[in-house]
Amino acid sequence: MSECYKNSLILVGMPGAGKSTIGLLLAKHLAKDFVDTDLLIQLRAGKTLDDILREQGYLKLRALEEEVLLATDYPNHVIATGGSAVYSDKGMQHLKQFGPVVFLDVTQAELEQRIHNMETRGIAKHPSQSFSDLFLERRDLYMRYADVIIDGNHKTLDQLADEIIYWEAENYAAMDA
């Protein structure tokens, strides 16, 4: 695939990092389409993420997520991935064909303040796994796939969007031409 095809932005990070919210803002500013893979999973399954987890388990949710990641081409998009997208190497390699992976890095303490519906949010984790263990496990995966790491702590949405837009312009704008 040619480098000029890499005109999308892929957002990864923990639940509560702001991927969907920032993604919409970025799509508007960059005149790109927006897609939230969590919504695509729910449309495909006809159920909420929480229902999938309760009825079929976290491994089924991750399998559905991989199917969604591989099923679509995403040129000229801002893509907000589910927090567990990084468990699928195939899915992440597919997404990386379309653009850089932006890791919204938020501390565990900040995430715990932001997430008020931890039990019903639809977080794909083993039932016995603590949020702290999940955070540490996933952070390594986010770092592995990231082309850039954006500190998402204590910044406004506009500040985060501006930082990502600036990074993209400096590193990928020439490829869009």
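Backbone N, Cα and C define each Cβ position, glycine as well.
R138 is the residue from R54, R114, R138 that TrEMBL records in the substrate site together with D38, R62, G83. The C-beta environment of S20 (ATP binding site), restricted to residues of the same chain at least 6 apart in sequence and closer than 8 Å, consists of D36, D38, A80. Applying an 8 A CB threshold to same-chain residues 6+ apart, the list for A17 (ATP binding site) reads G83, L104, D105, V106, L111, G152. DSSP assigns G16 (ATP binding site) to coil in the three-state reduction, placing it in neither a helix nor a strand. Rounded to the nearest whole angstrom, the C-alpha distance between R62 (substrate binding site) and K19 (ATP binding site) is 18.
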